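Note sheet for the following structure.
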Amino acid sequence: MTPLAAKRPLQLNDQGQLRHFLSLDGLPRELLTEILDTADSFLEVGARAVKKVPLLRGKTVCNVFFENSTRTRTTFELAAQRLSADVISLNVSTSSTSKGETLFDTLRNLEAMAADIFVVRHADSGAAHFIAEHVCPNLAIINGGDGRHAHPTQGMLDMLTIRRHKGDFENLSVAIVGDILHSRVARSNMLALKTLGCPDIRVIAPKTLLPIGLEESYGVRVFSDANEGLKDVDVVIMLRLQRERMQGGLLPSEGEFYRLFGLTEQRLKLAKPDALVMHPGPINRGVEIESAVADGPQSVILNQVTYGIAIRMAVLSMAMSGQNAQRQLNAEEAN
């Protein structure tokens, strides 16, 4: 498995600033660090009595989710509101798309209503890239998750969580455990960790839930024995089993998966004593993680949600700024 081809010029303006946020593939380390630093500065906003800054005042953010979501959609809404933007969240099940209107026509109509940023989640890999390149290139397009391909804001909020608790990435061992085959979060995390200089990225899963070619594509170490893979790691990122994307025969049973790969208190002892426990949600307790671990002292799962708002504020504000700068450059060139 190789990542979708990096489209660096598509994501960045002529000055190298973010204008769309579609994937972490091909983005330079300096830009990922800038996103993390910007998000760090926005965490203070969440502690204020009035949780608002005027960076997107007068702008409209459209959340267009073709897949169900709670955390991602809600945190994007909060992020946009804290930046003082107007927010529209499209309920696809009751929208014109359910009456036969194409994705292309739906988005072009929203663009005609003077939207400035689209946050799009779609079941098809590459949907956000297609929209940014062929449908609405003059708007800032943010990928809220596309098929198995990418979930870049989740990847970045996970990196912010790790950095705030562990500091630099250069001496860390990070294990990603679970359904790697169907996980866009795993792909974004592997890319982010590699770009930020993490020297030891471990992927732990049954062989039936491992894509082919992970080692070559992402520079990771692959383990099919959880006990071996978790030894002395600094961070454990658990992933749920995505039954809705599976075909029959990939797993004998959820009980068997929990026995061999579930993160229990006993299995967590194989990691370093201060290892972080992370999970992008939704959590399936007793399937990939024990409740005592999910709610335990090493868990930073709720911190991930908090940091997600700050990361999405950073991405929204940076993409809008980069898109505005490109428009100005285009106008100057036209004159």
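Along the chain as shown, the residues are counted starting at 1.
Heads up, the Cβ atoms here are built off N, Cα and C, so glycines get one too.
What Swiss-Prot annotates here:
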- R71, T72, R121, H151, Q154, G281, P282: carbamoyl phosphate binding site (BINDING)
- K99, R184, R240: L-aspartate binding site (BINDING)
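On the structure: features taken from Swiss-Prot.
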| residue | record | DSSP (3 states) |
| --- | --- | --- |
| R71 | carbamoyl phosphate binding site | helix |
| R121 | carbamoyl phosphate binding site | strand |
| H151 | carbamoyl phosphate binding site | coil |
| R184 | L-aspartate binding site | helix |
| R240 | L-aspartate binding site | coil |
| G281 | carbamoyl phosphate binding site | coil |
Lowest local Cβ density (other Cβ within 10 Å) among binding-site residues: H151, R184, R240: R240
Maximum Cα-Cα separation in Å among residues R71, T72, R121, H151, Q154, G281, P282, which the record lists as binding carbamoyl phosphate: 16
Cβ-based neighbourhood (8 Å from the centroid) of the carbamoyl phosphate site, residues R71, T72, R121, H151, Q154, G281, P282 excluded: S69, T70, G144, G145, V185, P280
Which of G281, P282, the listed binding-site residues, has fewest other Cβ atoms within 10 Å: P282
Local Cβ density at T72 (carbamoyl phosphate binding site) - other Cβ atoms counted within 10 Å: 24
Tertiary neighbours of Q154 (carbamoyl phosphate binding site) (same chain, Cβ under 8 Å, six or more apart): T72, G145, R184, V185, S188, N189, P280, G308
Listed in sequence order, residues with CB under 8 A of R71 (carbamoyl phosphate binding site) and six or more positions away: G281, V305, G308
